[in-house]
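Sharing the record's features from TrEMBL:
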DOMAIN    66-334  domain 'G-protein coupled receptors family 1 profile'
TRANSMEM  54-78  transmembrane segment
TRANSMEM  85-107  transmembrane segment
TRANSMEM  147-166  transmembrane segment
TRANSMEM  178-200  transmembrane segment
TRANSMEM  230-251  transmembrane segment
TRANSMEM  272-298  transmembrane segment
TRANSMEM  318-337  transmembrane segment
Amino acid sequence: MSSSVQNNNSILDWPNVDSPWDLLVECEALRLGLPGATYSKCVTTTVLGVWSAYITPVVCSIGLFGTILVVVALLLHARHLNRQLIYIVFMFSANAGTNIFFAWLWILPAKGIPYATNGRSYFFSFYTSSAMCSLHRFAYSSTTTMACNFLLLASIDRFLVIFYPLKFSHVPQLYGWYASVFTVCLSVLMMVPVAVLVTLHTVGGKLICWFALDYLWMEYYQVMLSNSSVIQPILVGFINLSFMLRIRQYLIINHRGTTVSKQDRTHFRSSVLMFFLSAVYLIFSMPQTIAYLVAYALSRNGGDVNTEVRLAYNIADLSWNLYFLIEVFNTVVLLYFSSQVRKYVFSLFPCLPTKLLVLNDAIIVSEHVPATEASTD
């Protein structure tokens with residue numbers, strides 16, 4: 001009991017909103033039968049703690065390794081990349097940045113390690129200084145926004161190529177790089193308000209690294225366009241719905257036994273890939289967005305960071321851990337759908353048997369296409 005009293009005193013005296021005991025106190029309160037303690041809060045914090053401490057490092061290590069592997073393999077063949085693969089290079093690079101900025105510099109040291117060490121070891125980058133607070137929030141907000149913007153750019157490019165082939169099928173590869181640089185700049189500019197308006201200030205007697213009370217409307221701007229995002233995946237979903245007509249046409253022609261051109265096969269597979277990626281992003285982004293919106297609403301009603309708000313934020317953090325699973329998923333899907341990417345990745349490992357590459361190439365319906373075509377294969 002003396003240990004519990006000591007922890008309670010430490011929590012009360014802790015100067016920041018986030019503490020090393022955030023994922024430990026709910027189960028301790030339930031064990032002691034304290035008012036407001038519930039089984040659901042205990043389970044949520046336990047799952048988040050176990051996942052952040054033991055699963056996230058493994059998932060993020062695999063995801064970061066796979067992402068960097070794909071980016072390096074593609075950059076080594078930069079002259080041969082079509083526009084879609086150029087966009088994927090930037091999207092995967094942004095995902096790697098989010099992996100580092102949020103998983104390794106926040107989730108693990110601020111959630112996982114404190115849980116695994118019973119609150120004895122921790123690191124909160126947000127509270128090291130006001131400048132670090134703004135910079136860290138801006139960094140991961142920019143990379144998540146960038147990843148979603150490149151997914152949207154790839155879908156818009158695909159839409160223009162399919163529905164306006166005479167104008168866009170033979171757009172030079174260089175324009176893909178121009179569009180990518182523009183998207184990077186746009187993504188950074190979209191999150192500049194985060195860097196400017198996020199400050200280290202006091203709420204309810206505790207320091208918090210977030211928007212000041214006068215700018216709380218920015219919470220909705222940030223959560224809809226950044227983090228897992230909602231707006232970009234929804235737009236990508238609408239764009240890809242138009243591809244269903246193309247896919248339906250492909251299936252009808254293929255069913256009749258008519259020869260299907262290489263270009264149609266490529267468009268079909270690329271459209272399915274874009275639709276699949278956007279659907280996964282949307283599915284995994286909605287729980288996080290809803291949790292954040294609930295947390296924002298509760299904090300306005302209570303004016304403080306109470307246990308209900310913490311529960312909502314814990315659910316959002318669980319969704320962040322699912323977000324990093326998407327990084328692994330994206331790499332696997334890309335390698336499966338694109339024989340060109342597989343070829344470039346396998347080229348990094350000359351010790352692999354050549355028959356493995358030949359076997360994998362035979363599995364995919366479409367083969368390589370000229371670099372001027374906007375496709376993923």
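Heads up, residue numbers simply count up from 1 along the chain you see.
Glycine is treated like the rest: Cβ placed from N, Cα and C.
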Do any residues of this chain, six or more beyond the ends of the transmembrane segment (272-298), have a C-beta under 8 angstroms from a C-beta of it, and if so which?
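Contacts of the transmembrane segment (272-298) (Cβ under 8 Å, skipping residues fewer than 6 from its ends): 148, 151, 154-155, 158, 216, 219-220, 223-224, 227-230, 232-234, 236-237, 240, 243, 247, 306, 308-309, 312-313, 315-316, 319-320, 322-323, 325-326, 329-330, 333-334, 337-338, 376.
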Do the transmembrane segment (54-78) and the transmembrane segment (318-337) share at least 3 Cβ pairs under 8 Å, sequence separation 6 or more?
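Yes, the transmembrane segment (54-78) and the transmembrane segment (318-337) are in contact.
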Below 8 angstroms Cβ to Cβ, which residues of this chain, lying six or more residues outside the transmembrane segment (178-200), approach it?
83, 86-87, 89-90, 94, 126-127, 129-130, 133-135, 137-138, 141-142, 145-146, 149-150, 153, 157, 207-212, 215, 218, 221-222, 225-226
Under 8 Å between C-beta atoms and at least six residues away from its ends: which parts of the chain pack against the transmembrane segment (147-166)?
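Tertiary neighbours of the transmembrane segment (147-166) are 83-84, 87-88, 90-91, 94-95, 98, 176, 179-180, 183, 186-187, 225, 229, 232-233, 235-236, 239-240, 242-243, 246, 267, 270-271, 274, 277-278, 281, 373-374.
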Looking only at residues six or more beyond either end of the transmembrane segment (318-337), which have a C-beta under 8 A from one in the stretch?
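That would be 44, 47-48, 51-52, 55-56, 59-60, 62-64, 66-67, 69-70, 88, 92, 95, 98-99, 102-103, 107, 227-228, 269-270, 272-273, 276-277, 280-281, 284-285, 287-288, 291, 345, 364, 376-377.
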I'd like to know the mean pLDDT over the domain 'G-protein coupled receptors family 1 profile' (66-334).
86
